[in-house]
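Colleague: Straight from TrEMBL, here's the annotation block:
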BINDING   HIS2  Ni(2+) binding site
BINDING   CYS76, CYS79, CYS92, CYS95  Zn(2+) binding site
Amino acid sequence: MHEMALMGDILHLIEEDAKKRNIKKVEEVDLIVGELSNALPDALEMAFDVYKSQGIDFLDKNAKLTIIHEKAKAICVICELEYMPEQRIAVCPACNFPSGKLIAGETFKVKSYKGN
Ligand SMILES: [Zn+2]
């Protein structure tokens, strides 16, 4: 389950940032996860709970993870149609060429977090 490693990285980034901002306990984490980001939201939530149960210092024991789903979106470089691709390389429904350029759906990042 590579979500364990992904979540580990995310928590590490938050920890570093929280230190700088003098935040001792993080209580809320908002994460944006794109449809095509290769990370499964359910597995991320599980990973978050595992880390939480390990009693990480900077993470409040009731910390909450919110996952914001980002829909995949592509724009055709030929006809400029915007559409929802089902995979990274998607065929434009108007031109029938694999001419779509992804403009959303690959995001995997912390939107914000809260603590004190
Ligand atoms: Zn097109």
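Including glycine, each Cβ sits where the backbone N, Cα and C put it.
Any idea what these are sitting next to in the structure?
Modeller: HIS2 (Ni(2+) binding site) carries neither a helix nor a strand DSSP state and counts as coil. There are 11 other CB atoms within 10 A of the CB of HIS2 (Ni(2+) binding site), with all protein chains counted.
Neighbours of CYS92 (Zn(2+) binding site), defined as other CB atoms within 10 A of its CB across all chains, total 21.
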Colleague: Anything from the binding-site residues HIS2, CYS79, CYS92 with its Cβ under 6 A from ligand 1? List those in sequence order.
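Modeller: CYS79, CYS92, by Cβ distance under 6 Å.
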Colleague: Between HIS2 (Ni(2+) binding site) and CYS92 (Zn(2+) binding site), how far is it from one CA atom to the other, in Å?
Modeller: 31
Colleague: Compute the mean position of the Cβ atoms of CYS76, CYS79, CYS92, CYS95, which form the recorded Zn(2+) site, and then list in sequence order the other residues of that chain whose Cβ is within 8 Å of it.
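Modeller: Other same-chain residues with Cβ inside the cutoff are VAL77, ILE78, GLU80, LEU81, PRO93, ALA94, ASN96, PHE97, SER99, GLY100.
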Colleague: What count of other C-beta atoms do you get within 10 angstroms of the C-beta of CYS95 (Zn(2+) binding site), across all chains shown?
Modeller: 14
